[in-house]
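Participant: Okay, handing you the structure first.
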Amino acid sequence: MEKGLHDRDIVGLQDFVLLEAYQSEDAFLDNLKKRFQENLIYTYIGQVLISVNPYKELPIYSEEEIGVYRKKHFFEAPPHIFAISDSAYRSLTGENRAQCILISGESGSGKTEASKKVLQFIAAASGHVSTVDNVRDKLLQSNPVLEAFGNAKTNRNDNSSRFGKYMDVQFNFLGAPEGGNILNYLLEKSRVINQSSDGDNFHQIRRAMSVMEISEVEQREILNIVASVLHMGNVGFTEEEGKATILKPKSVAAISKLLGCPEDKLSHALTHRTIDAQGDVVTSPLSREMAIYARDALAKAVYDRLFTWLVSRINESLKSDQSSRKNNVMGILDIYGFEIFKRNSFEQFCINFCNEKLQQLFIELTLKSEQEEYFKEGIEWEPVEYFDNRIICNLIEEKHKGIIALMDEECLRPGDPTDLSFLAKMTNQLGNHPHYLCHNKASVAVQKIMGRDEFRLIHYAGDVTYNVTGFLDKNNDLLFRDLKEVMAETTNSVTRKCFPEAEFKNKKRPDTAVTQFKNSLNNLMDILMCKEPSYIRCIKPNDLQTSDNFDDELVRHQVKYLGLMENLRVRRAGFAYRRRYEMFLERYKCLSKETWPHYRGPAKDGVHILVNTLGYKPDEFRMGKTKIFIRYPATLFATEDAFQAQKNNLAAIIQARWKGIRQRRAFLKLKEQTIALQKYIRRYLAIQKAQRRREAAQKIRAFIKGFITRNDPPNEYNKAFIAHSKRQWLLRLSKSLPEQILNHTWPNYPAHCSEASHHLKKMHRLHLARIYRLSLSKERKRQLELKVLAESVFKGHKKNYTRSVKNWFQDERIGKEHMTQVNNFVTTNFGAETLKYVTTVIKYDRRGYKPRDRIVLLSEKALYVLDGKSYKQKHRLPLDKIDFCVSNEADNVLIVRIPLEMKKDKGDLIVTVPEIIECCIWILDVTKRRQILTIVDTGSIMHNLIRGKTGTIEIQTGQQSSITKAKSGNLLVIAGQ
């Protein structure tokens, strides 16, 4: 009955109490298997949760899932571990009742993961309070630390808990965790000397220890202890004349270094034993067998006490600073499940004894809760027959008669007790017990499969055969005084705390291992008895640890030893279903006309009407004070099926009523909207008509005023006329735009359009200029580039610039009669250079300024000066070493300044060039260096003569241009106006 009418046929029942064939194991397994195959791993037996390990990640533990189960009634949502956690948490915080959650199951069934999910829910349910975040982190991080040191990889599970754990989580008055305490039970120490631990998730463990406030120094010491235990396994012994000697001293040295103890003292303690017999101290050597025993005992003791120290260290970190109330504690028990191996030893005996005690507690508390509920509701309790495993518990723990008492007696008696003598004593005293079987008193068939060193106990969960070998040694768990003394004197602070000095000085014999375990287990029972319990039974579906694999026989075995069928029988001995009247009436009120759709009276009366309408027989139900109790699942299923079927009728009625209501609402809404729309349209049309009249009058008035003031500056009346005149001007302008840049005559414009006309004229000129540029040939473009360069250099700086604008620049300014000779010179002397410009000039020499005809040739590297008649080279002036100077007047004088270091050409070169602007631009174009040309705007120019002397060129203006030598001896240049 997950949700729909036929869902239970597919996914089974949420609660086994509703199982019709509740005494059939096959029906039980079938229901469990159906749900497992649909990834529904949780099922109830009343208030007990059964969890099947899926061996894969399921998306059912998110924050959203937690929200589904927060503050919900237990049966309002499908079975889930969060439902159990929420119920316990609300009972704790709302009703101030101490809680405990008991998680049990065999190795690999997911107990440890279940405890993590409980802590995850508690952490989420307590809210995000910054003051308790640290405590929550510690609670969650305590798991990986204890798992790292207390879990092991076994043949049946990759991460098997080899210890029992009970954690008390303490809450403050706000319901937030503020501290905790952990009790540990029976760490399986034999695996320390028989199997190596895994090293996975090492960094996670280091982080977790840091969260638990274990310092870096302590962490390093812990790792040293673990390393020392590993080295202890490498310590070998040989025997000479009955005395043990160490085979590998290097391993002892490594242990000594890691723990900080003297190597010689440790070696002596591993091979000798000191006995204090009534004041006489005797030291005797150990045999090889006893030395191996001492080594193994040391390894187990060191690791066991390290684990105990870790638990106490975690408890110290989890300890609350606040004074706690008595009932604000939630306990979580994660303890080993019932174990049946091919070879079962002392550890399995203790583990199964623990499970017997827990089963006894479970049955007692389950019956107690059933009785209390029936008494509270005023229902007559019918006695239930069930298997009481008290007889097995007494067989194991009864004083002076039980197995534990016999084991302790054998361990402590003088003489030379052995495991076989212990077995003989048990057989002698317990041989007639119905739950004890030994080889001597077994049938022939059993004797064939049972060894003479074995005994069998008939547990509630099945028969377990135990091999007695090692029982006494493991129970004694003796560590020689010499080794205790060495460990107490180490420099490793953790080891020193684990082996206090007072221990080896105390001569009182400590309790045996099984007695310590029994006492701590009885203490656990006392703790659990005073709390309100919740149960989680964990089942592993297969031994292969693979998903989607359900081994029927393996699960059947677990169902048996977990006592699930027994629990179901106890629960079903009374009534299969019980619900509060309010919830029952709310769900099924539609099945009676008298209670549908609302029942105004007390809920109990409404339920009474319902059961009468449904025809319940007197033996099928009982009416309690607050709940209805239904005896048979068939009765509930018939009610549920009627409810599911009635849904169709109710749906049809609701649909019909709803459709009518919806159509009526739609009609009324449409009518109201139509009236409102008509009203607004009439109003809108009237407003529009008035607005049009008003606007018409305003337009007429504005037109008249605008016409009168059409020539005034813009205002609100004439702006329309001005805008119209602007539009008309733009239309006229578009038809009369100048078509050539060289003949750019701009049309007239109104006064209001002056600014626009200025911008448009400029833009149009630029546009025509762009068109003109794009239409230029390569030659004309080159000329314009030179003209632009001339403009940037000479415009406004030399007065004869304007005369040069109208003429194209040429690269040859000599007659044809000279070109043949010039070309011959270029071919002979230029080499890789090319001729860029050639012109005739008149040179004025530096002695008396006499004129000489010369030809100037310009290449990309140098300026060549040739004789005008012989065409011989007079000068070759590199362009990168000379510069030029002209005046700002309208003369043609060019001064070539030659540096003094050029010895062949002493003094500056003074020439007149026919087209001085053209010549200078060619020079600048070739050199790309604007700074080599200087334009002087003074009346005189200084120039260099031979032998470092200087001369002066005087610049004057006159009607006729001329160049003569003045009376002062200077060169006088008359520039035309």
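Backbone N, Cα and C define each Cβ position, glycine as well.
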Participant: Look up region 'Actin-binding' in TrEMBL and report which of 521-543, 567-589, 659-681 it refers to.
Facilitator: 521-543
Participant: I'd like to know which of these binding-site residues, Gly105, Gly108, is least surrounded, judged by other CB atoms within 10 A.
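Facilitator: Result for the binding-site residues Gly105, Gly108: minimum number of other Cβ atoms within 10 Å at Gly108.
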Participant: Out of Ser109, Thr112, which of the binding-site residues has the smallest number of neighbouring Cβ atoms within 10 Å?
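Facilitator: So among Ser109, Thr112, the binding-site residues given, the one with the fewest Cβ atoms within 10 Å is Thr112.
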Participant: Including all protein chains shown, what's the count of other C-beta atoms within 10 A of the C-beta of Glu106 (ATP binding site)?
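Facilitator: Total other Cβ atoms inside 10 Å, all chains included: 25.
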Participant: Let me know the model's mean pLDDT on the region 'Actin-binding' (521-543).
Facilitator: 88
Participant: Could you count the residues of the region 'Actin-binding' (521-543) that DSSP puts in helix, in strand and in coil?
Facilitator: 9 helix, 8 strand, 6 coil
Participant: For Lys111 (ATP binding site), list the number of other Cβ atoms lying within 10 Å of its Cβ atom.
Facilitator: 27
